[in-house]
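Participant: The structure's right below; bear with me while I get my questions together.
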Amino acid sequence: MTVTWLELADDTPFGLDNLPYGVFSVGGAPQRRIGVPVGDHVLDLTSAAAETAASFAPLLTSGVLNPLLAAGPATWREVRESVREWLTETRYADQLRPHLVPLTEVTTHLPIEVADYVDFYSSEHHALNAGKIFRPDAVELPPNWKHLPIGYHGRAGTVVASGTPVVRPHGQRKPRNADTPSFGPSQRLDIEAEVGFVVGVPSTLGTPVSTEDFAAHVFGVCLVNDWSARDIQAWEYQPLGPFLAKSFATSVSPWIVPLDALEHARVAGPPQDPEPFEYLRTSEKWGLDLAIEVRLNGHLVSSPPFATQYWNAAQQLAHLTVNGASLRTGDLYASGTVTGPEPHQRGSLLELSWGGREPLTLPDGATRTFLEDGDEVTISATAPGPNGTRIGFGDVRGTVVPS
Ligand SMILES: O=C(O)/C=C/C(=O)CC(=O)CC(=O)O
Ligand SMILES: [Ca+2]
Ligand SMILES: [Mg+2]
């Protein structure tokens with residue numbers, strides 16, 4: 001354990017090996033500041049960098065992480081090393097203590113200005129379950145599934161900060177046994193527990209990004225809840241894919257955990273058979289051993305293991321750009337619903353209630369198939385850090401409100 005002038009509990013999710021970045025404000029003040037949670041506090045990085053006259057201070061004044069993201073890996077490392085030095089060397093204690101704000105006093109905001117948003121479908125267990133539920137008469141995995149990471153382009157403008165209420169969407173739906181569609185509020189509102197990847201360094205139009213260049217472009221990782229209206233989805237999504245069923249809100253966690261904080265979480269991921277095309281091969285391990293937890297009204301309903309994901313984030317980035325599509329600073333792409341092999345590891349209510357046929361009973365006696373108005377969903381995760389420490393991801397939270 002690194003010694004610091006701060007009081008840090010041994011088991012804090014925000015220790016000196018984590019140091020994720022987010023955006024916060026204090027009280028009613030409108031100013032949005034870049035912050036780094038550490039223990040029970042947030043270091044106001046915007047003011048700390050100004051105070052210490054750090055060379056990177058100008059990257060931290062816009063109220064979003066984008067300028068820092070665009071600066072690239074050398075700057076990311078310089079900032080991270082500076083923050084560690086400030087928090088560990090006692091000569092900084094008096095100067096920086098005034099820039100620590102108790103976590104309980106901050107309001108967090110959307111940390112990035114989202115450029116494009118893409119969502120994948122890369123959990124084999126999820127794809128198998130969704131296939132069995134949605135297409136009981138078809139082959140279980142689509143024929144392309146093991147050849148490419150399936151994805152779709154989502155709606156960047158409706159990516160929202162954790163805590164933003166989610167208004168139940170209206171739309172068309174047609175139950176299987178109905179002759180005609182009807183219109184109204186979704187009756188099958190669902191969650192999808194996912195992991196998000198935030199792009200920092202842009203790429204050139206016409207030039208694919210290889211799996212080897214993943215860490216030269218991707219800044220870090222967050223948690224995503226890809227709210228999904230299953231009834232709207234089932235009626236609208238063929239042949240072009242999800243449209244309004246998933247575009248009304250996508251919630252992200254407040255702190256972006258840098259790839260450098262996840263060194264001890266890197267795993268190989270499951271074997272891939274057939275062997276993928278050359279452009280999808282990775283020599284480095286980019287699976288991540290994140291233990292995710294999904295809570296409904298405070299009750300743990302699922303524990304999806306991200307390490308079981310079939311396609312990793314480096315492969316997804318290579319696939320996303322293989323046609324020459326370029327990256328922009330602030331692009332967000334999500335893993336797809338994370339589901340493990342066991343029933344208690346399913347990352348959606350669609351799967352947990354098996355298409356609504358097997359309601360869940362919560363510890364307080366309530367039952368659920370899909371979400372009811374007033375329900376609160378919280379997704380959290382931890383990853384292994386050095387020396388038995390845990391790297392925490394702040395919760396992504398949302399409450400359903402009636403339309
Ligand atoms: O298999 C289907 O028909 C539908 C699958 C999904 O809704 C999942 C999706 O959006 C992608 C993902 O999150 O894995
Ligand atoms: Ca999804
Ligand atoms: Mg969405």
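Going from the start of the chain as shown, residues are counted 1 onward.
Using N, Cα and C of the backbone, Cβ positions are placed for all residues, glycine too.
According to TrEMBL, the feature domain 'Fumarylacetoacetase N-terminal' maps to 18-111. Residues or ranges marked as domain 'Fumarylacetoacetase-like C-terminal' by TrEMBL: 119-401. TrEMBL lists 164-185 with the feature region 'Disordered'.
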Participant: Any residues 6+ beyond the ends of the region 'Disordered' (164-185) with a Cβ under 8 Å from its own?
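Facilitator: Those are 227, 229, 231-232, 234-236, 244-245, 248-249, 251, 373, 398-403, in sequence order.
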Participant: Which residue counts does DSSP give the region 'Disordered' (164-185) for helix, strand and coil?
Facilitator: 0 helix, 10 strand, 12 coil
Participant: Kindly report the helix/strand/coil residue split of the domain 'Fumarylacetoacetase N-terminal' (18-111) according to DSSP, in that order.
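Facilitator: Output for the domain 'Fumarylacetoacetase N-terminal' (18-111) reads 46 helix, 23 strand, 25 coil.
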Participant: On average, what pLDDT score does this prediction assign to the domain 'Fumarylacetoacetase N-terminal' (18-111)?
Facilitator: 97
